[in-house]
Amino acid sequence: MKEIVLASSNKGKIREFTNIFKQKNIKILPQTDFNVSDADEIGLSFIENAILKARNCAKHTGLPAIADDSGLEVFSLNGEPGIYSARYSGEHGNDKANIQKLLAKLTGNDNRNARFVCALAYVKHEFDPAPILAYGFLEGKIAHKISGSNGFGYDPIFILPQLQKTLAEISETDKNKISHRAIALDKIMQLL
């Protein structure tokens with residue numbers, strides 16, 4: 001069975017990647033199994049950060065690696081929070097504060113069109129000159145208030161127009177069928 005290191009310590013992400021790659025007879029090994037620290041996300045785009053993370057894992061493990069960088073883009077805010085989605089409020093991983101800051105910035109703004117972005121990068125080794133790349137997008141709108149208890153991040157304020165529900169109001173199973181990450185993973189699986 002082929003092994004790929006996942007540049008993540010996020011348990012939900014590890015579970016999602018493990019289940020999807022198992023179908024291709026590929027074993028996902030989280031970077032935490034190798035005591036690999038998170039790479040510094042110094043890129044200016046999702047794809048740059050994904051490549052940095054994948055190369056960091058490959059460097060420290062000697063194995064092929066895959067990484068994603070994801071976030072939310074609100075069009076009327078010139079793509080904010082973008083690559084800073086997880087630390088939008090200044091504190092990394094504080095979902096509640098990130099949501100509050102975004103809703104405050106959108107007060108009085110009727111243009112709430114947004115999308116989730118997932119950029120994936122796969123490298124065979126640290127110096128791979130041609131990483132395999134894939135993007136996934138999920139279009140929607142930003143709600144005026146939090147709704148739903150499933151998911152994480154901006155899910156409670158991201159409305160799916162076709163369902164008129166937030167991502168936090170649908171099941172994890174349904175979300176994993178339509179999410180930006182699921183779309184990007186499907187694309188990259190076809191290239192591996």
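Just so you know, glycine gets a Cβ as well, placed from its N, Cα and C.
According to Swiss-Prot, the residue from Ser70, Ser76, Ser89 that belongs to the substrate site alongside Ser8, Ser9, Asn10, Lys11, Gly12, Lys13, Phe152, Gly153, Tyr154, Asp155, Lys175, His180, Arg181 is Ser70. Cβ packing within 10 Å was compared across the binding-site residues Gly12, Gly153, and the lowest neighbour count falls to Gly12.
Rounded to a whole number, the distance between the Cα atoms of Asp69 (active site, proton acceptor) and Ser8 (substrate binding site) is 10 Å. Within 10 Å of the C-beta of Ser70 (substrate binding site) there are 22 other C-beta atoms, taking all protein chains into account. Asp155 (substrate binding site) is surrounded by 23 other CB atoms, counting those within 10 A of its CB over all protein chains shown.
Here the recorded positions are Asp40, Asp69, and the one whose Cβ sees the fewest other Cβ atoms within 10 Å is Asp40.
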